[in-house]
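Taken straight from Swiss-Prot:
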TRANSMEM  6-26  transmembrane segment
TRANSMEM  36-56  transmembrane segment
TRANSMEM  87-107  transmembrane segment
TRANSMEM  115-135  transmembrane segment
TRANSMEM  169-189  transmembrane segment
TRANSMEM  209-229  transmembrane segment
TRANSMEM  243-263  transmembrane segment
TRANSMEM  277-297  transmembrane segment
TRANSMEM  314-334  transmembrane segment
TRANSMEM  335-355  transmembrane segment
TRANSMEM  387-407  transmembrane segment
TRANSMEM  417-437  transmembrane segment
Amino acid sequence: MNLIEFPWLTAIIALPLVAALAIPIIPDKEGKTVRWYGLGVAFADFALMIAAFWHYYDFQSSTYQFVEKYHWLPQIGLNWSVAVDGLSMPLLLLTGLINTLAIFAAWKVTNKPRLFYGLMLVMYSAQLGVFVAQDLLLFFLMWEIELVPVYLLISIWGGPKRRYAATKFILYTAAASIFILVAGFALAFSGDTVTFDIAALGMKEYPKAIELLAYAGFLIAFGVKLPIFPLHTWLPDAHGEASAPGSMILAGVLLKMGGYALIRFNIEMLPDAHVYFAPVLAILGVVNIVYGACCAFAQTNLKRRLAYSSIAHMGFVLIGLASYTEIGVSGAVLQMVSHGLVAASLFFLTGVTYERTHTLLMDKMGGIGKVMPKTFALYTAGAMASLALPGMSGFVGELMVFIGIATSDVYSSSFKVVVVLLSAVGVILTPIYLLSLLRQVFYGKQSEELHLDAFIPDVKPRELFITASLLLPIIGIGLYPKLITQTYDVKTVEIAAHARQVLPVVAGQQPSSLYSQIFTAPTLANAEVESLVNISK
C-alpha cells in the first residue's frame, strides 16, 4: 500500500485513545511506569503527525488532504469523516506539542496517576478529532468527549475551590453545546437533502432566518470556548484552580478550538450571515481586549491575571476574522498559535513558581528573582512575548490584525479608527499589568512568609526543557513569521475570498465602505442587507 493512502489521521487520533484504554493493565505500583508510558505515547503521536505532514502534506494546496470517510453508524447518519487543511494543520501541531509538554509537566503527579494520564490521553485524542472532523455529528461527539477529561482534571487535581470551578466549566460548556446541536440540525435538515457533511452544509442554500439563527447559535457555543465577553466567566475560575498541566491545555488548546470552529462554521459555512455579524465580532473583539486588560490589572491572583490576559489576547482573533482581509484572517490564525505557545509557557512557569512558594497571591510574593534567577529570566521572556514585544510571535499576529482591520474596505473610516484606537488602549494596558506582575513576584521586598532565606531550588533541567520548547518557537515565529504562515496562507486567502464573495457589489466593483456607503446605493443586489444597515444608522 502506498504510504500516502495510509489512514494517517485515524491513526493519529486512535493512538492516544487506545493507549489510554491499556493503562489499567500496565503493571505499576508507584506511577513511574505510567508517566513514562503516557509521555512516550504523546511524543510518538506528535512525531507521527510531524512525519505525515512533512512527507505528504502539500502546503500550496487549500483543499482538504489526508481525506478519510467511512460509514460508521449509518442509521443516524454518522460517518467517520476526517481531513486536514491549512486551517487545521497548524492547530493540530500546536495540540500535539502542548499536550506532550503538559504530560511531561505533570511528572510529579502521584495522586491516582493511572486515571490522570488516562484522562490526558483521552483528552488529547478528542482535541485532535475536533480539528480534523468533517462530519458535524463527529465534530460534536469529539467536542463533547473532550469536556469530560477537562472536568475531571480540574475537579480531582485542582486547587481548594476545584469543584466549584469544574462545575462552572461543565455547566457553561455543556449548555453551549446545545446550541451546536440545535444549529447543526437546523442546517442539516434544511432543504430537500439531509446531510451532516460539513463541506456539503457549506454549499447548501438556507432561508435567511435559519442561517442567521444558526450563526447566532454557533457564535454563542464557540464564544463560550474562545471565550467572548460576557460568556467568559468560567475561564478565570478554571485557570485559578487547575493544575499547571491543566492550565497549559486550557489556554494552549481549548481556547483555540473555539476560534477554529468560529472560522470553520460561521465564516466558511455561513458567509451570508457573516455579513450581518462581522461588525458585531469586531465590537466584541474590542470589548474583549479592553475588558480583559482592565480586569487583568485588578487581579491579585497570578493565574487569574493570566486568565484575563488570555481573554484580551483572543479579542484580536475576533477583530481579524471581522476584517474581511487576507492579512487580518491570517493574523487571527497566527494569534491563536502564538497565544497557545505564550500562554502555555506562562502558566507552566506559574506552576513552577507555585511549587516553590506555595502561593498564587502576588501580594504575598516578592523578591524571589534573587533566589530563582533562571525562573525569573524565563518568566520575563514569556511576559515579553505576551505583551507583543517585536521579535516575538505575538507582535506579528497583533500587527497583522491591526493592518487587516485598518485596510479593510468594508467599514467606514470612523468605525475603523474607533476599533483601532480602543484596541490600542488594550495593547498599552498589557505591558502595565505584565510588568507589574514581574515587579510584584520577582522584585520588591522579600516576603517573610515565603522563608526565602531557606534554600529554594531554581528551575530544573526538565522544567527548562519544557519552557525552552515553547519559547523557541515563539522567538522563531517572531523573527521569521513565514515559518508558520506558509502552512496556512493559501487557506486564509481562500477563506477571505470566500467571505467577500457574498458582499454586495455595485457596478461590478468591490465595495469601498460596506457598512457606511455601499448599502445606500440604489443598485444593490442585497436589498435586505441595505435595509438592516440603514435601520442601524
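From the backbone N, Cα and C atoms, a Cβ is placed for every residue, glycine too.
For the transmembrane segment (277-297), the neighbouring stretch richest in Cβ pairs under 8 Å, chosen from 6-26, 209-229, 335-355, 387-407, 417-437, is 417-437. At the 8 Å Cβ cutoff, the transmembrane segment (335-355) and the transmembrane segment (36-56) share fewer than 3 close pairs (sequence separation 6 or more) and do not count as touching.
Packing against the transmembrane segment (314-334) from elsewhere in the chain are residues 87, 90, 226-228, 255, 259, 262-263, 267, 278-279, 281-282, 284-289, 292, 393, 396-401, 403-405, 407-410, 419, 423, 426, 477, 481, 484-485, 488-489, 492-493, 495-497, 499-500, 503, 514: each is 6 or more residues past its ends and has a CB under 8 Å from a CB in it. Distant neighbours of the transmembrane segment (387-407): 282, 313, 316-317, 319-320, 322-323, 325-332, 334-335, 337-339, 341-342, 416, 419-420, 423, 427, 430-431, 434-435, 473-475, 477-479, 481, 484; these residues of the same chain sit at least 6 beyond its ends, with a Cβ under 8 Å from one of its Cβ atoms. Tertiary neighbourhood of the transmembrane segment (243-263): same-chain residues 87-88, 91, 94-95, 98-99, 101-103, 105-106, 109, 120, 123, 127, 130-131, 139, 143, 146, 150, 153-154, 157-158, 218-219, 221-227, 235, 303, 306-307, 310, 314, 317, 321, 329, 332-333, 336-337, 339-341, 343-344, 347-348, 350-352, 354, 495, selected by CB-CB distance under 8 Å and a gap of 6+ residues from either end.
When Cβ-Cβ distances below 8 Å are used as the criterion, the transmembrane segment (36-56) is approached by residues 3-4, 8, 11-12, 15-16, 19, 23, 26, 65-66, 84, 89, 92-93, 96-97, 99-100, 103-104, 117, 120-121, 124 of the same chain, each at least six residues removed from its ends.
Outside the transmembrane segment (417-437), and at least 6 residues removed from its termini, the chain residues within Cβ reach (under 8 Å) are 282-283, 285-286, 289-290, 292-294, 296-297, 302, 305, 309, 312, 315-316, 319, 362, 383, 386-388, 398, 402, 405-406, 411.
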